[in-house]
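*Asks:* What TrEMBL shows for this protein is this:
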DOMAIN    1-108  domain 'Thioredoxin'
SITE      26  site 'Deprotonates C-terminal active site Cys'
DISULFID  32-35  disulfide bond
ACT_SITE  32  active site, nucleophile
SITE      33  site 'Contributes to redox potential value'
SITE      34  site 'Contributes to redox potential value'
ACT_SITE  35  active site, nucleophile
């Protein structure tokens with residue numbers, strides 16, 4: 001999907017912390033039903049905000065150390081970064097409106 005980048009522990013700092021654009025990072029797992037349910041929403045938003053916000057996803061089953069380092073304790077979790085700093089977080093039950101509200105604040 002254009003605009004949605006899979007990042008790993010090795011690529012996280014380069015793709016997220018060093019990004020010129022604000023970044024949404026979707027921490028998900030292959031056995032997380034709510035995570036899989038949000039994926040089409042994230043893909044739609046990534047297409048809509050292409051060039052304004054960078055969208056990344058982290059498979060926590062394959063990148064546990066990164067999730068622990070960033071204190072991601074439950075899924076789904078979305079972290080929002082601007083100028084390399086973590087500025088917002090969504091965890092647990094949330095939908096498109098909450099995600100888009102954070103994206104709009106991030107893109108300002």
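Cβ coordinates come from backbone N, Cα and C, glycine included.
Predicted automatically and left uncurated, TrEMBL annotations should be read as such.
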*Asks:* Within 10 Å of residue 26 (site 'Deprotonates C-terminal active site Cys') by C-alpha distance: pick out those among the recorded positions 32, 33, 34, 35, and say none if nothing qualifies.
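*Replies:* The recorded positions passing the 10 Å Cα test are 35.
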*Asks:* Determine the most Cβ-crowded residue among the disulfide-bonded residues 32, 35, using a 10 Å radius around each Cβ and all protein chains in the structure.
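*Replies:* It comes out as 35.
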*Asks:* Would you mind splitting the domain 'Thioredoxin' (1-108) into helix, strand and coil residue counts from DSSP?
*Replies:* 40 helix, 28 strand, 40 coil
*Asks:* Which of 26, 33, 34 (the recorded sites) has the most other Cβ atoms within 10 Å?
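*Replies:* When each Cβ's neighbours within 10 Å are tallied, 26 leads.
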*Asks:* Can you give me the average pLDDT across the domain 'Thioredoxin' (1-108), rounded to a whole number?
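*Replies:* On average, pLDDT over the domain 'Thioredoxin' (1-108) sits at 95.
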